[in-house]
Number of protein chains: 4
Amino acid sequence: MAPVGGAPKPPKKGILERLDSGEIVIGDGGFVIALEKRGYVKAGPWTPEAAVEHPEAVRQLHREFLRAGSNVLQTFTFYASEDKLENRGNYVADKISGQKVNEAACDIAWEVSQEGDALVAGGVSQTPSYLSCKDKAEVKAIFQKQLEVFVKKNVDFLIAEYFEHVEEATWAVEVLKESGKPVAVSLCIGPEGDMHGIPPGECAVQLVKAGASIVGVNCHFDPDTCLKTVTLMKEGLQAAKLKAHLMSQPLAFHTPDCRKQGFIDLPEFPFGLEPRILTRWDVQKYAREAYNMGIRYIGGCCGFEPYHIRAIAEELAPERGFLPEASEKHGSWGSGLSMHTKPWVRARARKEYWENLLPASGRPYCPSMSKPDAWGVTKGAAELMQQKEATTEQQLKELFEKQKFISSMVA
Amino acid sequence: MAPVGGAPKPPKKGILERLDSGEIVIGDGGFVIALEKRGYVKAGPWTPEAAVEHPEAVRQLHREFLRAGSNVLQTFTFYASEDKLENRGNYVADKISGQKVNEAACDIAWEVSQEGDALVAGGVSQTPSYLSCKDKAEVKAIFQKQLEVFVKKNVDFLIAEYFEHVEEATWAVEVLKESGKPVAVSLCIGPEGDMHGIPPGECAVQLVKAGASIVGVNCHFDPDTCLKTVTLMKEGLQAAKLKAHLMSQPLAFHTPDCRKQGFIDLPEFPFGLEPRILTRWDVQKYAREAYNMGIRYIGGCCGFEPYHIRAIAEELAPERGFLPEASEKHGSWGSGLSMHTKPWVRARARKEYWENLLPASGRPYCPSMSKPDAWGVTKGAAELMQQKEATTEQQLKELFEKQKFISSMVA
Amino acid sequence: MAPVGGAPKPPKKGILERLDSGEIVIGDGGFVIALEKRGYVKAGPWTPEAAVEHPEAVRQLHREFLRAGSNVLQTFTFYASEDKLENRGNYVADKISGQKVNEAACDIAWEVSQEGDALVAGGVSQTPSYLSCKDKAEVKAIFQKQLEVFVKKNVDFLIAEYFEHVEEATWAVEVLKESGKPVAVSLCIGPEGDMHGIPPGECAVQLVKAGASIVGVNCHFDPDTCLKTVTLMKEGLQAAKLKAHLMSQPLAFHTPDCRKQGFIDLPEFPFGLEPRILTRWDVQKYAREAYNMGIRYIGGCCGFEPYHIRAIAEELAPERGFLPEASEKHGSWGSGLSMHTKPWVRARARKEYWENLLPASGRPYCPSMSKPDAWGVTKGAAELMQQKEATTEQQLKELFEKQKFISSMVA
Amino acid sequence: MAPVGGAPKPPKKGILERLDSGEIVIGDGGFVIALEKRGYVKAGPWTPEAAVEHPEAVRQLHREFLRAGSNVLQTFTFYASEDKLENRGNYVADKISGQKVNEAACDIAWEVSQEGDALVAGGVSQTPSYLSCKDKAEVKAIFQKQLEVFVKKNVDFLIAEYFEHVEEATWAVEVLKESGKPVAVSLCIGPEGDMHGIPPGECAVQLVKAGASIVGVNCHFDPDTCLKTVTLMKEGLQAAKLKAHLMSQPLAFHTPDCRKQGFIDLPEFPFGLEPRILTRWDVQKYAREAYNMGIRYIGGCCGFEPYHIRAIAEELAPERGFLPEASEKHGSWGSGLSMHTKPWVRARARKEYWENLLPASGRPYCPSMSKPDAWGVTKGAAELMQQKEATTEQQLKELFEKQKFISSMVA
């Protein structure tokens, strides 16, 4: 494998250069959900040790997003903070180490980025330490450790993403900003604001003031909800006369029934979300709306598979002037179906057909919406204190009882 | 790459040896749908040139199925017959050649099979020639060409799959049988029988008489429907006092609303099927039922991703005595969630929760069932004659009009 | 009130005269469900003491059906057998007497029948005695008592309806036949046959042989299912070279999810059936299909309100040559909406709009289908033995426990 | 029939006396929808000539509501203004006259009110004149004519209901107030406010300042939405330091998908609303919530049948201290089912069963929510000008085309 970090880089346009010139930047999709399905990530801890354990799987997924049109390859370092890698019995901190995971993730992203026109973004995300009420210095030290790797590996820019509390996100931005590299930041919040009730507009203002050049949301909600939230951020920034680029990386799941904390609360999370998965046409609609409201960093998060990213690239091909590599294997708006054997499937090779389709679930015994779990706890609640030892049988039993009680109240 | 075919094989138990001893054989999942989403297969023609163009993508998918528990790696040769590779403007026959595609597919499957306990199965499927009313000799010659590669590459056994007409499947079995290797065969039919109306029981009898050792169904219908069909096959064989092993490789889509020709007719096929995707718990239920009714070759077809195969392996782990490699990253029945940060998600770390969940679609404007297209044509109808040249604009226009007319009748 | 029975009758055409000449006879709708909602019938016992207690309410409902197009007014004597009127703590047998209830019902039906072109049909239905394994003589004696009233009041013809067991229905026909009046009989069964598993075709043969001139089904299933059952009856009669007129009086509830015992088993029975109620357009479709398959006695049962009957009369107005009185207040296919204030509602004043509408439930947390209760008991099971004393608290408690257990098994 | 108006009245407590003392007043249900189904009202014009043409039908419905627990009988004078009775080809103004309709409605309501503890309320509603931009004096004159009848017939109090524009409602209150009788007023608006965008809180303030003693909403939305709107009204009044009693008379249809103009816009209005009908348990939940938020005049509007009103009376029986007459035929929370023949139905004779039921629609091809028509026109738009002559074929044709165009845009 080629040396990473110190190696001579091709002269790619930087992230701000692109956005400042009005270019559309297409993000990538969700690694933890995709790699969980492929067999390399454990749902629950969701940590990225696959970068060390199975680099070929991570590499292949990066490559698929690149071919689908991504201009950014985020290092697979979600939840790769040291405190997360040792939370609730996780073996990774001990057996592998956070540093090795972060380094491996950078190497793989860099390697694949050389195969096309994509930048590498080093990513940090919210920490168990913050949730467990550790102080600012302790939390910042966590981010600092990851940043050291990103600087050493010379990533193109930095993303702080998946923060439920703007306070923690601000701390992350402050740390990342020290590197001198451009910083993007996205919260996993909805229109109601962060877990402490701070509205999206004010969150955006705080983050830009802390040094972020790109601000937006990722994860937790579907495209419709995310775009509403980014609109509120945009309005907040305008009111404060602040400038920043906007980004959105929503779920590829329909979540009209979510409340404040998003899809984590849905009873289907994380192993029964299939009926909610976006079609490629849902994504095309999202890409168009995001573009129309002025967002230029458009990507996805959990649930976004390579074909969802391709749908963004195909929808915005007129504006960008080209199709992604993977579109060789996909005729826009289903036109490839003109090669199908059956005549009634060839009859579906057109835009009008797919954009008007209301797809059935094939699940007549299931509802269309769910009541989310609503435990009403956030940072500070005892149940949210994290621990190094595995969750005990007794702790689980108490949770099971509580869940039954609460859902009998909700019904 | 290691030499293939002639290379010394590890002493694996053969497919019949396994089944005869009562062992469970886990099949793999659907390549064309999975690789379409990953960006390597074109929906419509669905041909497998990725084996030549992007072997790393095919290899990775094989590996994921192997790690998920598959005991069989089917060569990625679905629709790899010469006549399909040149149908309706397809470039593959001319630019690559069917032989190269079939050879590459064998090499990749063999290579990955060395990483675990899996056999390689060479696969053929139904042909445009049959649909276009070519005669028996012509159709058999098509299969013969693929078989030559499988013999040269020394695959472990052969599968003739995805046949809508038992007549064509019988011809395929006859050809494959000449190799002396065990032959499995599966039709893509439902309880109503094949496209000519021959009931499943009689289909099974014809196929076993033609030389198949393993018989069943794949594709076109969901697990419930497929198991009904296999039950009818089993009853047919018992009535005829014939013996054969049973196999099932259903869709990973719920299709209670399908009619005779299966999911091809659903208005959501192929780009709006997301809400129908099986959860892993749906698959566990399927695996248990398949096992209980005596099926021992249990796998999946279109829509089956690696995690669906893993669900079969986990459900049948008590019978098999071990878990697949990928289960390192998956605690059975969601037990890995005991490591989740949020207490209400930890409360889902148990079987009772997931087996009773009725997952919502998040799509309140969509129905739960669809009216399938019902053009009522099969082999012999002019619209089903295939052609080498691409479908013309005029042909498409006529199909679009016909579709609008028919769906206005159905509503 | 005018004298009944002995009074001179207008020269109306009899039921067989009408049917023999190919005339369409429109039945009426469901009294117990309609009057329960109006406040005069108790769900559970469903007995018809309102004929004595609130004759004005019964009279008004008869009148509404007459104005809607009914050619038959069934006496409100459903479940008016003496043994039912004293079942499980019912006060009616003791405080009023079965004879008085039956007489009052005859008087009211006769009175309203004079307001239009409708016949009066005296009706009997299945008995607790049969279910509790009383012998043939005892059960026949129950019917005999009701028949005495019908003969005295000189009803136009007789209907034995709502029988789950063809054996009991045959006994009823034999009793009614003694009067010399025409006898119609309808079972509340589906395509699977009666509760003892006797198929619809054979049921029909037995009933015609016992003396019924009109045979069919009522209640328990939606129109689609009922028409399937009548089709099987028709085929059975044809095979046996027997002749009879066909009748259908289905539910006005959609029940695609019912099993053998019909809507009684649905978890929504009887107080949560609202989302299943047929629209008038569903009824028009039913009326057309019933007519097309040769049924000439076309009515409804539980759930059929006057406007549902009007929909039958409007759909079949071309064949009958006239509209019912109530159509003064209803323009066919919504044409009265041309008088609406809002333009977008006037835009709905046409057939195309309503026949293509797929109405939403407004209930996104509810499924489209339910799993029926499936206790698998019928005549002979201890739990089906009826009793004169009210169900005790202890009996109820046992049933509640059993229900919870069974539904946890079904989920 | 007893003399009306001048006859000596029993000493009933007046409406304000009741409300001032904290008593719960139960309203009645919706006459036009109920009588349309019974065959006496024409959907589209919705005018109340049945009071003259079929008094027995109107009387019976009043009686059913009274027996169900209503303390108010609203005269059946909805849309009984002279300009409505001659709108778009309506024959009533010419052939009967508005005065006779209003008088007959008063007589019937008074007659039935003598059978129990109910007051008679004379009602006016919004006018075509206002929609057609007639001036204040002209619109007031319309209300004045109806008021003359109410004064002559000496009704107990007055209700101005079903107003989309608070301006018109204010005019109505001013007119009614001249009689010296208590005036209640309800708008058919949702949380977004009236058709001119005036928020509910401000609407309430204007109405109370105009002289209304009771203020609230009726029709157009389901209970959930109506209670939200009344909450906003309550907050508006509190902020303005005004006092008034609150009332709510919502639809008996689920309408989560409605926009500003309510259920008129739903594609199912008015002939496909069945799947949305509230169960009695939905109504009990509504009654409890209305009571808890301080509403004391609790009734229903379109879709409310007698059993829905009974559900209010049963839910609030603990507070009121008694059950309505019709509850003789209804055991609270389904307890009457303890008398059912089948054991699994007896097992449903309990609160826990019904309050947790999520009823299925039996319509797997239908969605749970609809996109409302959104023509975006209100008072002043040419399409909303009313006319005496019937809608012409040409006018209809244009509307049909417009509807098709708009719904193709919405899809």
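Heads up, the Cβ atoms here are built off N, Cα and C, so glycines get one too.
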Annotated companion of D:Cys301, D:Cys302 at the Zn(2+) site, TrEMBL, chosen from D:Cys188, D:Cys203, D:Cys219, D:Cys226: D:Cys219
- prompt: Sequence gap of 6 or more, C-beta under 8 Å: which same-chain residues meet both conditions with respect to D:Cys302 (Zn(2+) binding site)?
  reply: D:Gly30, D:Val32, D:Ile33, D:Cys219, D:Leu251, D:Ala252, D:Phe253, D:Phe263
Task: Name, in the order they occur in the sequence, the residues of the same chain whose CB lies under 8 A from the CB of D:Cys301 (Zn(2+) binding site) and which sit 6 or more residues away.
output: D:Gly29, D:Gly30, D:Tyr162, D:Asn218, D:Cys219, D:Gln249, D:Pro250, D:Leu251, D:Ala252
- prompt: Can you list the residues of the same chain, besides D:Cys219, D:Cys301, D:Cys302, whose Cβ falls within 8 Å of the Zn(2+) site's Cβ centroid?
  reply: D:Gly30, D:Ile33, D:Tyr162, D:Cys188, D:Asn218, D:His220, D:Gln249, D:Pro250, D:Leu251, D:Gly300, D:Gly303, D:Phe304
- request: Averaged across the domain 'Hcy-binding' (D:13-316), what pLDDT does the model get? Just tell me the whole number, please.
  value: 97
Statement: The correct three-state DSSP answer for D:Cys219 (Zn(2+) binding site) is coil
